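Listed in TrEMBL:
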REGION    1-26  region 'Disordered'
COMPBIAS  1-12  compositional bias 'Polar residues'
DOMAIN    47-224  domain 'GTP cyclohydrolase I'
BINDING   C118, H121, C189  Zn(2+) binding site
Amino acid sequence: MRQKGISLNIQPTDAEDLSEDHVGTSAETPMRADAFDLDDEEKIEQIEKHFREIMTILGLDLTDDSLNGTPRRVAKMYVKEVFSGLNPKNRPHPRLFENKYNYDQMLVEKDITFYSHCEHHFVPIYGKAHVAYFSSGKVIGLSKINRIVQYFSKRPQVQERLTVQIGKEMQRVLQTEDIGVVIDANHMCVASRGVGDTNSKTGTAYFSGKFNDENIKREFLNYINSK
Ligand SMILES: [Zn+2]
């Protein structure tokens, strides 16, 4: 479900939990069982080879100075940077702290910039994520929320799944149901090709626990929309 503007409501399905085992649920990135049989270096080598092939088929002259290093550069970028979030070894493990201030209101981390890739075209999706929670007695460092957003962004994604993955990870890490996530993003596959619409944005949301309450939801959305 996807629509423009920030008002929609994707309900979590309670059957799904984000356990480490890669059983295919709708919230999980579809991965093969042998996904990590190759190590990073082996992956880079193979991707380099295949990317060189793609460029050659396109008719490019790979002996040209400017193009020669591209296959390896792309391979490293895929494995070490833009798709590094596929590898569970890169998953952040934030430390929890006692909520010693007894702060019992909503905490919002707004305007978290993220860069991801559309899994249908392998071109960028980028935008802002807004994440909110109520403490269950534990809190995490604010920068850790950014790290969770970055981890799930660095995969081939669809925006809906990215939103749900961040929401579920926040629930798991913070041991609370009370999570709200809103993502506002630009899709280069829409802007730079196909219909060529450079102005449209896509909004998705994940609300669980207290965030299903209309007043709480409104407070969160008002804060996001305030300057
Ligand atoms: Zn796309």
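Glycine residues also receive a Cβ, built from the backbone N, Cα and C atoms like all the rest.
A simple way to gauge crowding: the CB of C118 (Zn(2+) binding site) has 18 other CB atoms within 10 angstroms, across all the protein chains here. Listed in sequence order, the residues H117, E119, H120, F122, V123, I125, H187, M188, V190, R193 complete the 8 Å Cβ shell around the Zn(2+) site centroid, once C118, H121, C189 themselves are left out. A coil conformation is recorded for H121 (Zn(2+) binding site) in the three-state DSSP classification, outside any helix or strand. According to DSSP, C189 (Zn(2+) binding site) sits within a helical segment.
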